[in-house]
Structures are given as C-alpha cells and as structure tokens.
Amino acid sequence: MFCSYGWYFTFVQGFVYLVLIYLQGFTIKQKVNPWKTYVKLSAVLMGSHGLTKGSLAYLNYPAQIMFKSTKVLPVMIMGAFIPGLRRKYPVHEYISAVLLVVGLILFTLADANTSPNFSVIGVLMILGALVMDSFLGNLQEAIFTMNPDTTQMEMLFCSTLIGLPFLLPPMILTGELFKAWNSCAEHPYVYGVLVFEAMATFIGQVSVLSLIAIFGAATTAMITTARKAVTLLLSYLIFTKPLTEQHGSGLLLIAMGIILKIVPDTKPPNQAVGSSTQGRNHPKKVKTPENGADEEDEEKRPLV
C-alpha cells in the first residue's frame, strides 16, 4: 500500500536529510555557490528519487534494478552535452559499460522468481528517472569542477532545501499528499522506517557525492551499478540460493566490464600534443628577440 507514495516518501526523506546535515555542523554561511546553481540540480534530484520510489508500485524490484542498471550509459552520453564538462570517453569505456549493464541484467533476470512486471506506467516512471539520473550526476560533477571549494554537505543541503517545493505539485495534483498523510497517520511506524531508511541513504548520498567529486559521474555510475551486482551476489552467499548458468554468464560479463574499466589506457596522450605544439611554436623560436624578455615570455607561455 505504501510503496505507491514515492513523492511523499521523498518529501519526508528530504526533511530528515536537512536535520542530519544540521547535526553535522553545516550552516548557510559556509555556502560558496549561489542559490541559482542548485535550481536545476534540485529539480532532477527530487524527480529521480520520486519517480524511482513511485515506480515500485507498478514494477517489481528485479525489474526496477534491470532498468536502473542501464543508468551508466545515459550518464556517459549526457556528459558530452553538459556545459562545463563536455566529456568524451574512449571506446573501451563504452564497451565496459555495456558489458557491465548486460551482465547485471542477466543476473537480475535469473534472480527473479517470476517474470518481471512491465506495467506501462511503471516503465514510463522508471524511464523518466533514468533521464533525470543522466542529468543528475553530470550536473553535480560540473558544480564540483567549476568550484572545487564546494563540499558534499553544501550540495546535499542546498539541493534538498530547494528541491522540496518541487515535490508539492505532483503530490497535490495526484492527491498523493492527503492519501499518504492519512495512511501514515493510521500506521505511524512508517515514519520510523522512513527515518531509518533516510539515515542509511544519507550515508550513501554523501559517499556518492565524494566519488563524483574525485572520479566523475560516469565512473561513479559504474561503481553504483557494480554495487547492485555485489548486493545480489551476497544474497546468494548468505542465504545459500542456487546459482544457475545464467548467473554465471552475468557474473562473467560483469567481471569483464570491471576489468576493462580498470585497465590503464596505453595510448601516449602527450605525443600528439607535443608534436602539434612544437609545430605551432617553431616559427616563433626562429626569430631572434631583441632582448631576453621575449624569450622569457615564450618559455612561460602555456602549451595549450
């Protein structure tokens, strides 16, 4: 009954986030970015969370994992269009992402006891969440890139505070606000579950933001996708579920994707840059400067 209240649950979760961030000692005075920086980020953040939670009313969990596991591909593609990033990934990283996604899908399908429930509404909701996710990680990386002084607490606090009002229109238009309020009033233990879940996901959100700041959105998406496979594998080891050939095929593809991702690129990146730079600067070096100032400026001029 409660799994259909995705927008309301996200709304409650947002307030728990704000309290946890306040307890961490963050204040608005520590903010280094203008509020307008977080408007777009807040809209896609709340949209992703709300659609993901709400889709469980129409899709079973294995089906949702199967769709969400493809997130790394739209994140990589969208990175080429986000201002401030313009990411271009080598071919082997796309192949690595495809292997990881296909492997996790095979493993998830083998894990499902029944055929995944592909409700049209649920599929549309989870596809909308994927579109939001493709913007989310790249926008977060762009903010970290343009202002390295941005902290994870600031980004989570500002995006949550601005994003909460974005949840009100869908809750009011669908009538979910009043239905969820009445249902949770009859079962107050739900709020305890939501607080516990929010505390756990808060740690996850801070960890994901740290990964984005250090390694970028695409690598973080691959890590979170691989995490889903590890979670499923651990469930088999702990509860001693039988592994089938389809499980083995999925794990093999996942391992191939991860190995391909961590293999260093052997192509020398500076060779072409050095030769082209030498060609551009060669005519300037032929000229004899009248004094040492021109030669010193030439040495200090950046290569790119």
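Cβ coordinates are placed from backbone N, Cα and C, and glycine is handled just like the others.
TrEMBL entries are annotated by machine, without manual review.
Per TrEMBL, the feature transmembrane segment maps to 6-26, 94-112, 118-136, 156-173, 193-218. The region 'Disordered' feature in TrEMBL is assigned to 269-304. According to TrEMBL, the compositional bias 'Polar residues' annotation covers 269-280.
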If one takes Cβ-Cβ under 8 Å and requires six or more residues beyond its ends, the residues near the transmembrane segment (94-112) are 60, 62-63, 65-66, 69-70, 72-73, 76, 218, 222, 225-226, 228-229, 232-233, 244, 246-247, 249-258, 260-261
Spatial neighbours of the transmembrane segment (156-173) not adjacent in sequence (6+ beyond its ends, CB under 8 Å) are 7-8, 10-11, 14-15, 17-18, 21, 26, 31, 33, 35, 37-39, 41-43, 45-47, 50, 180, 202, 205-206, 209
